[in-house]
Amino acid sequence: MLKPAAMTDQTPDPLPPGAPGEPPADAKISAARSVAFDLLRAVLAKNTPLDEALVAHDGMNWLPDRDRGFARTLVATTLRRLGHVDRLIDGCLAQPLPLKASAVRDVLRIAATELLVLKVAPHAAVDSAVNLVRSRGHEKFAKLTNAVLRRLDREARETIDTLPALDALPAWLARNWRATYGDETAEAMAAAVQREPVLDITVKADPDQWAETLGATVLQTGTLRRPIEGRIDALPGFDEGAWWVQDAAAALPVRLLGDVAGKTVVDLCAAPGGKTAQLAAGAAHVIAVDRAARRVKRMQENLARLQLAATCVTADAAKWRPPSPVDAVLLDAPCSATGTIRRHPDIPWLKGEGDVAKLVVLQDRLLDAAVAMVKPGGTVVFCTCSLESAEGAERIAALLARTPGVRRVPITADEIGGLSQSITADGDLRTRPDHLADAGGIDGFYACRLVKD
């Protein structure tokens, strides 16, 4: 059984001709493939989030729309199937590539994804990969690149679809999911996050009317869903502030607060403001707190477009306190974000078990702060976009063990659009990527509702 390549070979090496942000000088190299390679290097060699790399790369500006979309799809698909691709590449290598040739492996990853997953014609993928390797100062690996890709094309086109979906993920994450959910469910989750995501939209009003206008369907939870096509800001209703982009799962925690009209609600770790917008649209008096000034500015811009009002505060949510106890607190705590892998396929390769261990300490501090902010009888909703039990039910168990006078209030299916499969035995919310599978899936979210006596 072949194993995925270790990520320790990601030592950045010099990239001579064709620096990131410049069109490749060699006309034999596809510009879109060159950009996709640069983006993959940014994620794996420099630990840069893909969203940041996409914004920073000038190539995403000068590429034509079609090529820009191909570059984005190519790097995202490579990250989604990285474990599979590495395993198959390793099966074609007599010995591991040297550390100084880590860029060659990334070229192989991009080209193998084209051949085996996107089913691109062999001559286009292979020739461009060989020329890309040469252009990046690795002429001596050109023949090896050609040989590996030709062999993959002959022998692995059908093989890749027979590999366990969990093998596409880093070992630590696959192990966690198996331990938490069992082998069968973990495999279904891993298969779900390999699929292309859809566009989910929350509207301020008239969901049926906007569904017709946007060519969307209305999910049972009330979220609008449509394919991701073209520029989001060019869709009807965007400039008018009629709606905002928000995954169906991310829209559920606010519902657990019930009718918020006239209530004072603190939204902790609020940016970019999707849940703040929900609360404001529900006529709550919202205090939105986030520690990053640039994220608060973005949240204010989003609220202005939506013509919704909230008091935005730049502060450390663990230390900040409202002027007086409030009716409710919504805490969407910083987490590993493994529930959003289908939208952010770089996450498994940027995070590790060590990151989760650090995050749970912060989550405990934030939970204690949230409980301290509410008045007696007030509600706290804790949520994370993580599929890791350490960042969900385990945090609530720890809170209840150390904090007298706080109790869990179970959630009912009616509160979340009838998603009974997403309610745990304890009455908490737990969505998984394989839920709503027939409708295109959903992000992984955990939420628990607490009341302070």
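Note: Cβ is positioned from N, Cα and C throughout, glycine not excepted.
Same-site candidate for S-adenosyl-L-methionine binding, as annotated by TrEMBL with C269, A270, A271, P272, G273, G274, K275, D290, D332, chosen from D316, D346, D355: D316.
Looking at 1-26, 209-234, the range tied to region 'Disordered' in TrEMBL is 1-26. Applying an 8 A CB threshold to same-chain residues 6+ apart, the list for C385 (active site, nucleophile) reads A249, A250, D332, C335, A337, T338, G339, T340, D443, G444, F445. The number of other CB atoms found within 10 A of the CB of K275 (S-adenosyl-L-methionine binding site), across every protein chain shown, is 26. Listed binding-site residues: C269, A271, G273, D316. The one with the lowest count of other Cβ atoms within 10 Å of its Cβ is D316.
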